[in-house]
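As given in TrEMBL:
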- His117: active site, pros-phosphohistidine intermediate (ACT_SITE)
- Lys11, Phe59, Arg87, Thr93, Arg104, Asn114: ATP binding site (BINDING)
- 3-140: domain 'Nucleoside diphosphate kinase-like' (DOMAIN)
Amino acid sequence: MAVERTLSIIKPDATKRNLTGAIAKKFEDAGLRIVAAKRIQLTPEQAGKFYEVHKDRPFFGELRDFMASGPVVVQVLEGENAIAKNREVMGATNPKDAAEGTIRKEFAQSVGENSVHGSDAAETAKEEIAFFFSGLELVG
Ligand code: RTP
Ligand code: MG
């Protein structure tokens, strides 16, 4: 197994409910190291650019506006198999389908307001990390 890096976003529904620490603890407890982190407010344009892959989906407008509705905490997580491990800790997109103990099972409010984002593959992880962080901000 290789050491990987992946991009995580703690979404506005979670930052609003003061869940940043509880969610970060789930990542750390799973063996993922937070090698970069910042709290930012996205504009709708920035949020739309980040989720551009979904631009033709019916939920795109709702997703863009939700991601710009409050602060987000973006983090780079590092560890063995970090991309898959992070998605395992996050749980299924819809909290109704998420396994016990996962972030979305415990904290998500709906399929849209589901508390966390995680990169889905090596190539997207690379692009998404570069979207938010410069090399100087990554401290392993
Ligand atoms: P993410 O990209 O945020 O990590 O989530 P994911 O891979 O589990 O799911 P994806 O299919 O990439 O969807 C991106 C985000 O769009 C919102 N969504 N809303 N209303 C809906 O039916 C619906 N479906 C997806 C969610 O916030 C989802 O995480
Ligand atoms: Mg996705």
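Using the three backbone atoms N, Cα and C, a Cβ is placed for every residue, glycine included.
All annotation found in TrEMBL is predicted automatically rather than curated by experts.
Here the features listed in TrEMBL are painted onto the structure.
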| residue | record | Cβ neighbours (10 Å) |
| --- | --- | --- |
| Lys11 | ATP binding site | 26 |
| Phe59 | ATP binding site | 12 |
| Arg87 | ATP binding site | 17 |
| Thr93 | ATP binding site | 14 |
| Arg104 | ATP binding site | 22 |
| Asn114 | ATP binding site | 23 |
| His117 | active site, pros-phosphohistidine intermediate | 19 |
Please report the distance from the Cα of the residue listed as 'active site, pros-phosphohistidine intermediate' to the Cα of Thr93 (ATP binding site), rounded to the nearest angstrom.
9
The domain 'Nucleoside diphosphate kinase-like' (3-140): mean pLDDT?
98
Those binding-site residues, Lys11, Phe59, Arg87, Arg104: which ones have a Cβ sitting under 6 Å from ligand 1?
Phe59
